Amino acid sequence: MRPEFAASWQRAAAGEELDREDIVNLLAAAPGEEEEALYRLADGVRARMAGDEVHLRGVIEFSNYCRRRCCYCGLRADNARLHRYRLMPEDIVAVARQGVELGYGTIVLQSGEDPWYTAPVLAGIVREIKKMGVAVTLCVGERPREEYALWREAGADRYLLKHETANEELYARLHPGMSWQERLQCLQWLRELGYQVGSGNIIGLPGQTLADLADDLLLLRQLDVEMAGLGPFIPHPATPLAGEPAGSLELTYRVVATARLVIPFAHLPATTAVGTLAPNGRQKALQRGANVIMPNLTPTRYRADYQIYPNKICINEGPEDCRYCLEGMVRALGRRLGRGPGHTLKPIPA
Ligand code: SAH
């Protein structure tokens, strides 16, 4: 082990607060001994903080219309080749019911930024799903504070809005017409409104450095997030980043493992993007710090059109397939399915 890695690993093992240099040292773990030590430590912290339960959050991708032009995303408004779809409110509620019957304790409603769903329409959907006794997470992008407030009043428990990258300049390049400050403002509002907040970033974006990724983890710590989605960049052919290389799977594992050390109480999903890059990717992530999986509940006929990146897994499966496949995966790892909503892991303040 190189001395600088060993020193930062020791500090992490002693539960000390890691600074930017420590985080860079951990993210730079070399294959072999260093990576193994990092993964072992992260898996131990996961076991202590989150236990052996793996929470399943059923995701409904209810619309692929999007007004944004994010340079990495296949749903971007400029992608004229994409067949666009919208699920009607009653259909979204029916799919959610299917998810509840499959035993999911959380329903996640995700879409492109689609103004067709006005705040009252989404509030109505949230209210119907809340009657089923599950947690509801929204992931529909940037909206005015009043709209977030309305959904919170309707019973929404959590909100997922990834900051995507903590490097403001890189953010500006990848998000034409958007502002990093505004995204942070949205995260602040969500916090003030009492949501359990999820954020996160993309790993392996063109031009991104290890120091940028360290800043991502420091920002997540500063935001005190309840959840962090950390997934590799996967180039989509119908975007300006089509020719760029994908993010590295190994780097993604190192980011997930280091995140478990920097924000030990956060729920960390083994992302679908990791599963897309490697058939056993999600299993490995679960053994290196992750404790959540987000199975797809979207009706099969729409799945192929919700390709934020290409070759997304499970586009030919149905909701039940994903439910039972994942239960098998979790059991094979010696873990068990979470029960109930799987709310925040943070200690309740005295
Ligand atoms: N419109 C919503 C949901 C976006 S899709 C919002 O703004 O929050 C969910 C996530 O997919 C995004 O936050 C982004 O991090 C990720 N994503 C999109 N395209 C991607 C790509 N090509 N590779 C990896 N992740 C991608």
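From the backbone N, Cα and C atoms, a Cβ is placed for every residue, glycine too.
Curation plays no part in TrEMBL annotations; they are all automatic predictions.
What TrEMBL lists as [4Fe-4S] cluster binding site is Cys66, Cys70, Cys73. Annotation comment: TrEMBL describes Glu164, Arg183 as S-adenosyl-L-methionine binding site. Residues or ranges marked as domain 'Radical SAM core' by TrEMBL: 52-266.
Within the same chain, residues at least 6 positions away in sequence whose Cβ sits under 8 Å from that of Cys70 ([4Fe-4S] cluster binding site) are Arg76, Glu164, Leu174, His175, Met178. Each residue in the domain 'Radical SAM core' (52-266) has a pLDDT score, and their mean in this model is 98. Geometry remark: Arg183 (S-adenosyl-L-methionine binding site) versus Cys73 ([4Fe-4S] cluster binding site), CA distance 17 Å. Applying an 8 A CB threshold to same-chain residues 6+ apart, the list for Cys73 ([4Fe-4S] cluster binding site) reads Cys66, His236, Thr239, Ile308, Tyr309. Of the chain residues outside the [4Fe-4S] cluster site list Cys66, Cys70, Cys73, Arg68, Arg69, Tyr72, Gly74, Leu75, Arg76, Ala77, Gly112, Glu113, Ile308 have their Cβ within 8 Å of the site's Cβ mean position.
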